[in-house]
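Annotated features in TrEMBL:
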type: TRANSMEM; residues: 6-26; note: transmembrane segment
type: TRANSMEM; residues: 38-60; note: transmembrane segment
type: TRANSMEM; residues: 66-87; note: transmembrane segment
type: TRANSMEM; residues: 112-133; note: transmembrane segment
type: TRANSMEM; residues: 181-199; note: transmembrane segment
type: TRANSMEM; residues: 250-275; note: transmembrane segment
type: TRANSMEM; residues: 665-688; note: transmembrane segment
type: TRANSMEM; residues: 724-745; note: transmembrane segment
type: TRANSMEM; residues: 757-775; note: transmembrane segment
type: TRANSMEM; residues: 781-805; note: transmembrane segment
type: TRANSMEM; residues: 867-894; note: transmembrane segment
type: TRANSMEM; residues: 929-950; note: transmembrane segment
Amino acid sequence: MPHFDIVTNVMILNSVSILSSVFQVVAECLAKERKRLIMLPVCSIFLIVTGYVLFAISYLAFESSLAINISVGLAIVGTIFVSVNWWENYSTLFAVSFLEDISRDIAQSRNVVCIISSLVRILVTSAVVGAYVPLSGQEWKLVKLVFETVVVSLVAIQIASSALCRWFVVVACKMHALRRSFVLPMYLASITVLAVFLVPTTVRLPKSNQTSTCFDNFQPKSSDEWLLLMLTDAIRTLNTRDIVVHKKTGGLVCLGCSALSWWLGLMLSTVYIWYLKIHRIERTQDLFVRRMYEGAFLEQSMLLNTRFEIRKRIKEKNAKETIRVFLCATMWHETYDEMMKIIISMFRLDKYRPKTKEQHDVEFEFHIYFDDAFKDVDNGRHANEYAEILVDVIKEDPCTFKQKAALPRQKIINTPYGGRLEYTLPKGNLMMVHLKDKTLIRHKKRWSQVRLIKDPVKTQIQNILPRTSLIIFLTDSTSKNKENTYILALDGDTDFQPSAVMLLIDRLKLYPEVGAACGRIHPTGTGPMVWYQKFEYAVGHWLQKTAEHVFGCVLCSPGCFSLFRGAALMDNNVMKRYTTKASEASHYVQYDQGEDRWLCTLLLQQGWRVEYNAASDAYTNAPQDFKEFYNQRRRWGPSTMANTIDLLGSGGLTSQRNSSISKLYILYQIISMAASILGPATICLMISGKVFRNIYLNKKKINMPPIVYLILCFKLKSDTQIKIAAIMSILYAFLMAGTILSIIGDLVKQKTFLTPSGLFLIGMVVLYIITAALHPQEFSLVIYGLLYFLCIPSGYLLLVIYSIVNLNNVTWGTRETGSQAKTTTVDTIKKKVMNATCCKCPCLESEDLSEKTLPDNFTLTLQSSPVCFHAVLLFFFLQVTFAFFFCNALWLVATFFLQAIGDSISIKIPKIYPNGTYDPTEVFSLDPIALMFLLSFTVLLLMQFVAMLYHRIYTLIHFVAYADTEIKSYRKQSHQSHQVSQWITHKIMTF
């Protein structure tokens, strides 16, 4: 290449597509379908060969010499050899087992192959340079000068620009901007570069410079001078050619035609990319054959690396596959407004994907499972008032649309579990309301979900759904129906848009290893408790869920809005365990108190991936009073801890089975779990000033209220415990306000904000503000951040104590009515256990307590076992309570002990002022545990922040891709329907 001009060097790189064109011709000849595109690669081969011929003529006929002849031959042979680089793109098109085996082996060890090949290239390039310098008669001194001044900078620029270009190409393909943001820029890249270098040729160089080398008379000192020198040297390669100096028309025509032929040949050999039909957020490995790119000819490598066979794959998929989504909404005691939300959402989805004879990409079917839908009356069991409200809502809902549709047709069917209502929605989709009678079938949310997906062997289960519905797809002998069948789990008050469902479908449709995907849950309601939960949900989704998604897998896909793959749910090791009756106290905490988290734990342990999509928004009602909030979190907290411990306990086996969960991710979850367990003690230390020693609330008795509350929780009823917690939450809010003011006052006193407490507080505030700014639609939630901070002791200290002490409380806690089950405190259990005997349990004879406090499966356990289950429950409760509070006590004692020792083991931090100066006589002292807490928490926050940035980028990519495809398609269909309606109206009026 040093012997050629700038035009040849830029355009000859386009000839590396010659072998790809040959492979395309062979592939088209072997294909059974019509060979309409075979002429394009044939023309490409012809143009590239023509370019070689004209290139050889322009040099051999007009400037022939031994060095030129050798360079021309090497250039042609070299480009042909380079074109072999993309043979994998066509290996699967030929029935050659040898090539298929090599491709499979390379794919399995892709990373190792890339590393070894890169090292070999470096060695070969170094050897070529080492041999070329003495053979060309140059001095190493000149090479060293060029390397130190130019090569290092150019290599850094080349690496950065190539990596960014490749990433933007991937983004463009995922966003469905294939033509305008990938193919077209790649085609114009060579022309643009050539134009940049050819424009200055209008100014002829002095004759003294036309024959001199670039370093003979000029030694640049700055980067601008180096840039000018490089541009001048590039222009010199063209201006010193004989055909340019003497204006030989024949040579110039050969030069221009060869460049044009190569460029057109590249375009024709990659024109198939222009017509690719790819999915939204298409997988990178399905877009490109090789993970690496060639930096020397980036645009050619990106074009030729695009998979050739993906055109046929997508064509076959679009022609055959249809995704069937079954919406499973569970209801209990929802209000009229809450029912209206879920019904309106279902009607929206019915309008979005009407039921027609034509095959669609997605079909929907709606199911509502109504727990405890019957009540006792004089002449038998009748539907209760909540079921009647639901029927009224369904009949009223079509009126909410602009164009009033006909009321859904209703069918009433008796079933062994109660009854079923069938509706045909205005757009043709089917909706079923399953009214469950708890005297005939097990109730509660988990068993409603089991009824939907369990194997329909028993007659009772067969009557739950028609044989043409979900059970046929999930129990089919082939796995295809299971793979293409999804279940959308919903709560009875969930509000969502069709776009939210489609975004979740994309995740499962493109990634076969994904077993479940959840969206962004927004709590709705009014009042301080809802404001607190809005910021809590926001932080949990912004940072925690995104970190889980990026670093490993999401641990909990909430049951209020999550999409599950049928094949994942029907996995024997998943469904068999999910339908297990809780026979032990620990099982009850893990199984029924948080059924959505337990289901995700089973999926992860079986090797399925759980993901989070931030653009998929859903809205659900949140508890608005303090008691309901505490009772809800009393279920969630122990369940979260139990499932996480279960997952970490099998971390080694899970990481082997699940490719998305690594040992580092297990370590991350261990640290997070340790922080959660030690949360109460950490809050006590923060308030008492043991973490931030420079605040003014360091009093000896500041930790007594939590201890008193802990003792009271063992003695008082749960309602009384919540009332005390509400009062203490208000008092702790004042203490937290004092903590903030004391930290600010200390910063003013110290005349610097570069203190441990100051940096921690300011860093958290800045991090949350930046995070909120990256979620512009939710930025207003920052206002509730102050309330969240003031309520930290209530949410992470008092609530944890209440949850641990009330592990025995088995009620649901939310939407309880007058017929709700009575709760049992530990004090009541103790009294009954003391009177129990090995063969007889008096607690079963008094008030029928087991039926009120425990589910029916526990009743079976009590009847079949001679040991009183209350004793087992009490033993489990004492174990958990002792272990939990013992760990917190150790944390407190260790911190107080290190604090009492004094400065001998404290870590000294110099006092630094904002201007950069520091006073060596003034230092801040931190005990090792406090410093470990600050550093660990800071590292976790920074990791979550980085994960959030990565997740935001790909969420934006997914949303833009959806807006560019789904919304346009929907608008096009609406426009066509409107045109048809206008045409029919016109015909009627004309008639």
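Count begins at 1; order follows the chain as displayed.
Backbone N, Cα and C define each Cβ position, glycine as well.
All TrEMBL annotations are machine predictions without curation.
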The transmembrane segment (665-688) vs the transmembrane segment (250-275): 3 or more CB pairs under 8 Å: no
Distant-in-sequence neighbours of the transmembrane segment (6-26), which means Cβ under 8 A and at least six residues beyond its ends: 38, 40-42, 44-45, 48-49, 51-52, 55, 75, 79-80, 82-87, 89-90, 93-94, 190, 193-194, 197-198, 234-235, 237-238, 255-256, 258-259, 262-263, 265-266, 268-270, 272, 296-297, 300, 303-304, 308
Maximum Cβ pairs under 8 Å to the transmembrane segment (66-87) - stretch from the list 38-60, 181-199, 724-745, 929-950: 38-60
Long-range neighbours of the transmembrane segment (181-199), counting only residues six or more past its ends (CB under 8 A): 6-7, 10-11, 13-14, 168-169, 172-173, 175, 231, 234-235, 238, 259, 263, 266-267, 270, 273-274, 298-299, 302-303
Candidate ranges 250-275, 724-745, 757-775, 781-805, 929-950 - greatest C-beta contact count to the transmembrane segment (38-60) (under 8 angstroms): 250-275
Stretch of maximal Cβ-Cβ contact with the transmembrane segment (757-775) [cut-off: under 8 Å; candidates 250-275, 724-745, 781-805, 929-950]: 929-950
Positions whose Cβ lies under 8 angstroms from the transmembrane segment (781-805), at least six residues beyond its ends: 528, 531-532, 534-536, 538-539, 630, 633-634, 637-638, 679-680, 683-684, 687, 706, 709-710, 713-714, 718, 721-722, 725, 728-729, 732-733, 735-737, 740, 768-769, 772, 826, 880-881, 884-885
